[in-house]
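Listed in TrEMBL:
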DISULFID  Cys13-Cys46  disulfide bond
DISULFID  Cys23-Cys36  disulfide bond
Amino acid sequence: MFGPGLDGNRPRCAPFWDDFFACVVKNGRNEQWALCKEQREDFMECLHHKKLYTRVQKIKRQKEKLIKAGKWPPKEESA
């Protein structure tokens, strides 16, 4: 499915696609949603980074709360 990437190498998500495709071939197209869920999630995360984006947003919100509470940046402890 994947040709060479912009730099001439395999695209970054090609290994995840290979895993997902191998699972679908092994288990059949009708069973792919039940049996290949993890491989599909890994492939989709590689493409869209939704889990990563959600985590970054959560960290930013927590940092904003700490700034409002006057607890950011953390004070350095003297030893």
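Glycine is no exception: its Cβ is also placed from the backbone N, Cα and C atoms.
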Rounded inter-Cα distance in Å - Cys36 (disulfide bond), Cys13 (disulfide bond)
16
Smallest number of other CB atoms within 10 Å: among the disulfide-bonded residues Cys13, Cys46, that is Cys46
Other C-beta atoms that fall within 10 angstroms of the C-beta of Cys23 (disulfide bond):
17
